[in-house]
């Protein structure tokens, strides 16, 4: 167990129970989710309505396999590309709650791509991971066609889990492509699914399609990582929030250790003061701690 003292795994795998905000509310766990959805949707609306940011609506597959690319009139043709993958336990959220990160990055010279994906149970987690591999191929094709020289990719929660595939998809990510990746940012992710697959709170009626056969193949913590040397120019940041559960924090800490021992340039960062949700909400604020962190990745 990642939290040996845990007496309630359902609660430990449910990030909303661990916020220290909204304690005056009858159910803080519901209040923090409602707040997250409300403010992130407003952030998305503000981009075009108040901030003068342009968006291209693109598609990499069927259904919800969509990509929105954001930029403004000052964005260089050779601007670095920042790619964001949202969370939601592979079964919730969409692009409308995933654009908080866009404004500050565009204002600091990035072109930003926010992707969406088909959700469980419309697809199984295995199928979703396969579709995400297709997205990786698509986004690098897009980068090459638009003369992008440098890419940073970030995923939050379930999005961090999906993003981890970039390290093992050698058929899609050639050594030349890996050299384009300046940084990978894994925010508040879950990387070992062995504890959660039987939890009704997280995987009701097994809508993720997990079983003993596929648990290892869908758990980045358990993968064999090869061809590590092609990533020697990429910095990997595994980030956790102070007010997330012990299980989430320790999964991130351990995943950073796994990658580091394999030879990746990986490090673990614990963000003080944040929970699982406001670490994303605050990416909309230019001078927040998390926004400065993301910008400084570019100059390290």
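Including glycine, each Cβ sits where the backbone N, Cα and C put it.
Note: TrEMBL annotation is automatic and uncurated.
The feature active site, nucleophile is assigned by TrEMBL to 157. Sequence-distant contacts of residue 157 (active site, nucleophile), defined as residues of its own chain at least six apart whose C-beta falls under 8 angstroms from its C-beta, comprise 15, 86, 87, 88, 89, 187, 188, 189, 190, 276.
Here TrEMBL flags 244 (among others) as active site. Counted within 10 Å of its Cβ, the other Cβ atoms near residue 244 (active site) come to 25, all protein chains included.
Cβ-based neighbour count (10 Å, all protein chains) for residue 276 (active site) stands at 26. Taken from TrEMBL, the feature active site covers 276 (among others).
Among the features that TrEMBL reports, domain 'BD-FAE-like' is placed at 68-256.
Only residues 6 or more beyond the boundaries of the motif 'HGGXW' (86-90), in the same chain, are considered here, and those with a CB under 8 A from a CB of the stretch are 97-98, 114-116, 119-120, 125, 128, 155-162, 188, 202, 208. The motif 'HGGXW' feature in TrEMBL is assigned to 86-90.
Per DSSP, the secondary structure of the motif 'HGGXW' (86-90) breaks down as 0 helix, 0 strand, 5 coil. In the three-state DSSP scheme, residue 157 (active site, nucleophile) falls into the coil class.
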